[in-house]
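Student: The structure's right below; bear with me while I get my questions together.
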Amino acid sequence: MKVSLCVIRLSRVLKEYKFSLLCFLYLILLAFYLRIVFIGWNPLFQPFNLFVYSTSLVYALLNAIVVFSLLNLILHIRKVGIVFVLLLAILLTVEATLAIAFSTQITMGMFASIMETNRHEALGAIRMYSFISLPLLVITSIILWLTYRELKTKKPYVLISILLIVASLGVGYGTGYMLMDKSQKVKVMSELDISYLMHFQSLLGIRFPLLTNMGFASVAYYQEMSRFKSDLAKPKSLPIGLNLSVSSKTPNTLFVVIGESSLRTHYSLYGYDLPTTPFLDSLKNDSLLHYYNAVSPASITRDALCLSLSFATPLNRIPFAENKNIITLANDAGYESYWISNQDKIGMHDSYVGLIASYAKTAIYYNFLKDDLELLSTVKSFYNPNIKQIFFIHLKGSHLEYTDKYDNKDSLALPDNASETIEYDRSIHHTDKVLKSLYDNFVREADDISSLIFYFSDHGEIINKGHGFSEDNINQFLVPFVVIPYNYEIDIDKVISKYITDGRLNTTNFSYIFSEAIGYIISEKVIDEAKNDGLYYYHVDGRPYLFKELK
């Protein structure tokens, strides 16, 4: 009798909460999948591991409790509950898509890229991975909506939901800490001093992959941007160890061409087997350029250019807020400065790159709407060989999707060869044409004028995948660095060689190279510190790492 009564009650509960149960099981499944992806365990191709399987299942259960309890709280918010439920569906879809497509979790750097990305890049990413994200979004939205309808009239159990969230997170953190070895526990206090949010994300994110990564990363990003905005009003000073020396040897015109997502191992200049850089190759053969094995200090544009165009480093970002950047140094040295970008404008109050660009006398943005070659017509409209000028030219380069980054001439030069990278290679060939046009139409035309072209990329690329991932793939950092002097009296190779460490030139030190080129003298102490900074990169998790640890 008692057994049958229990069965009847259970069946009533299951019938009354059938969609809630479905939702809970769906969350467990998602959390379990993301967990095994992040720890690199594939049960289909690796031996069964009871410990890994059981702990992953327990963490998935706890993660599902956290998310479901949060869902229970937000769906009872009057009038706007459904809005938050749909937002939750989008967040879960984003996290699941990243796990399926890239085997990566949300980091602060990645969240920043999502928030600061332009419309063109966003639409490109949506198109590329819509076959994953759209079905996920539909399924997740339907399940959450059915749960919303089922629970919105029920008692909210606010206190119980909060206690379940706190208890589950506490168990996750506690077990994670207990499993640390002695050396890892020693690092905890130093991590907490740097960023308690990043510490909790590193410990909880891999155990509770649903929402915790997104939550900690978003809060860390808004904290960083709050500090950034509070620093805007601070007066900027010349970095210690730099002094301006008036000299007639400085070039009359400088062109700083900044590529996008350009991997140097796909440059024929660097030994690639396809002729992707015929113009640069010709200058090399005539000994008219210098090129270096360079690495970027970060794998996303916002961080890479922050570190390359200011005196911030992977180890110390404070100089970005306190010191002048290379554009203000150029202005102080008597140059007229121009920022001409084929990327979207993000305001000076909203991004690192936007702030740096705002110091130029003139800043123009074309929002990915022009061919990179067309930027040179804008350069021509401002170019005046009778005065000292600096042009910063920010290309769209080789950013995903590659198909709109080259033209028919590039396709003829590099015909289809069944290679998965041919479209990417054509985009590099197109950038080579931009450099040729710049050289032919400005440098050689003004034959008696001294000039200097710097060309480097913001960061590298994992071809057909992108960049800015937490994985330790060095292709995200391998970039070209090319210098083309013309009627220039200073030995630029001697300047640059001072900043090479372990056979690499880290573009975090471009600020010093640039400063020397326009007449600044840099102390030996600062050069030694810069060489040490060049050993590190700033990863998307907000931490510096040594390059020698990259694969």
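Each residue, glycine too, has its Cβ placed from N, Cα and C.
As listed in TrEMBL for this protein:
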DOMAIN    253-484  domain 'Sulfatase N-terminal'
TRANSMEM  21-44  transmembrane segment
TRANSMEM  50-75  transmembrane segment
TRANSMEM  82-106  transmembrane segment
TRANSMEM  126-146  transmembrane segment
TRANSMEM  158-180  transmembrane segment
TRANSMEM  200-222  transmembrane segment
Student: Sort out for me which stretch, of 21-44, 50-75, 82-106, 158-180, 200-222, has the most Cβ pairs below 8 angstroms to the transmembrane segment (126-146).
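Tutor: Highest pair count goes to 82-106.
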Student: Between the transmembrane segment (21-44) and the stretches 50-75, 82-106, 158-180, work out which stretch tops the count of Cβ pairs under 8 Å.
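Tutor: Between the stretches 50-75, 82-106, 158-180, 50-75 has the largest tally.
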Student: So what's near the transmembrane segment (50-75) in sequence-distant terms, Cβ-Cβ under 8 Å and 6+ beyond its ends?
Tutor: 20, 23-24, 27-29, 31-32, 35-36, 39, 41, 43, 81-82, 84-85, 88, 92, 144, 147-148, 151-152, 156-158, 160-162, 164-165, 168-169, 171-172, 207-212
